[in-house]
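**Student:** Okay, these came from TrEMBL:
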TRANSMEM  B:33-53  transmembrane segment
TRANSMEM  B:100-120  transmembrane segment
TRANSMEM  B:126-151  transmembrane segment
TRANSMEM  B:172-193  transmembrane segment
TRANSMEM  B:205-225  transmembrane segment
TRANSMEM  B:254-277  transmembrane segment
TRANSMEM  B:289-308  transmembrane segment
TRANSMEM  B:320-343  transmembrane segment
Amino acid sequence: MKIMGDFGGLGIFFVVTLIFPITALIPAFLLQPRHPTKQKGIPYECGVDTIGKTYVQYRIGYFLYALIFLVFDIETVFLYPWAVRFGALGLFALLEMFLFLGILGLGLWYAWKKGALSWK
Amino acid sequence: MENLTVGAAAEWIRSVILLILGNELLTDVVMKFVGLGACIGVILTAAIVLTYAERKVCAFMQVRLGPNRVGGRFGLLQPIADMLKLMSKEDIIPDGCDRIVWALSPMLLFVPSALIYGLFPFDEGVVFADVNVGVFLLLAISSQSVLPFLMGGYASNSKYAFIGGMRTVAQMLSYEAPMVFSLLGVVMITGSMRMTDIVAAQAENVWFVLLQPIAFIIFIISATAETNRTPFDLVEDESEIVAGPFAEYSGMRWALFFLAEYANLLSISILTTTFFLGGWHGPFLPGVFWFWMKVLFMVFVFMWFRWTFPRTRIDQMLSFSWKVLLPLALVNMMFTGIGVYVWRSMM
């Protein structure tokens, strides 16, 4: 019951945080002046007219970082429950840790040597 | 002294509502809304106080005066004036933008930055939702703030915004890994992910900043990067990509980005206090006083960073996270593991 109360409360909080920005925008919507001109809508580039399309091909580097991140983020899903029970599990958990972090470290070392971590 | 705590105030409000409604369950529901209102109130107050504080701290560090026109000698009404100005600004919608995604971005950014306030223990017994997976839920919610930045950057149809959006993703993802690993040590020592348990463990022993100094430093650095503050503000970069994902927003929509930014600044200060500086605990004075003293000190430290360090370059910044902070966090975790094991077997 206590747990349901807490998560239920967070659920209400979530809905309120969704609604709050809309209520903040309403007075601004009522107050603001509206004088649209053609110049105002042009993408801002410090006063210079924009050339070509916005959606150009971007660096692959960003994508590589996202891939490595995915690996490490999934590891943390396994590591957190393990960290909670660490004290109770004793020596087994300690040896497990070296194995698990060893594999993680190996993966990081591999990515490092492959050059995935450096900006090209 | 006991009567001064926030917990006592909450108890008092609860008893008053119970008197009016006369129903336990209904009272609990109403109390949830009271707590919610208090959390939102903290965020809004933070936005007002911190915008002013940031300008004043900046001014003092650069030997200037700062805001001193609106509202007396110290410019105390400056945040109100700023808010009125932003409210009465025209809402310019850029040509060729993806209207729905563009409009949703500032609204969705507010959600993760406000929702994590529901998990913070402000004082003894003053926590909106004291869940048993606190740390985990907190990291899960706060990592969602990557998406609105990307949405804003992508949908604006502006090159600056697009570059800013891409940088946000790379930066926030890169610094999330060391942040998550640095908190594992704290969870290992405590043996619980509940936020109140973490604070209680620090009251029984010592502050975790003494047990986990490396984790503390890693956490501070990655928290600065997660909230896109200088020296890691490549995402916003006033001087080169003109506020990045926010470049095409004006008026109240832009103010929502700003609100989320200051909510994040306060929340990383609260997180540092809770995880490493002993939360609300301290001698003699009431808990709420200690809590806000520590939090405001951390806010000042983050502002101090902003006016001390120059901006980093993106390749340096990303490789610093992966090649220095992450291996350091892993090594720190190994030593914590050995330490906790030895300490437990000695007991």
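Glycine too: its Cβ is placed from the backbone N, Cα and C atoms.
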**Student:** In the same chain, which residue numbers or ranges, 6 or more beyond the ends of the transmembrane segment (B:126-151), come under 8 angstroms Cβ to Cβ?
**Tutor:** 5-7, 10, 32, 35-36, 39, 101-102, 104-106, 108-109, 111-113, 115-120, 164-166, 168-169, 172-173, 176, 179-180, 183, 186-187, 192-196, 198, 226, 235, 245, 260, 264, 267, 271, 288
**Student:** Where among B:100-120, B:172-193, B:205-225, B:254-277, B:289-308 do we find the most Cβ pairs under 8 Å to the transmembrane segment (B:33-53)?
**Tutor:** B:254-277
**Student:** Apart from its near flanks, which chain residues at least 6 from the ends of the transmembrane segment (B:320-343) lie with a Cβ under 8 angstroms of it?
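**Tutor:** Here the qualifying positions are 174-175, 177-178, 181-182, 184-185, 188-189, 212, 214-215, 218, 221-222, 225, 312.
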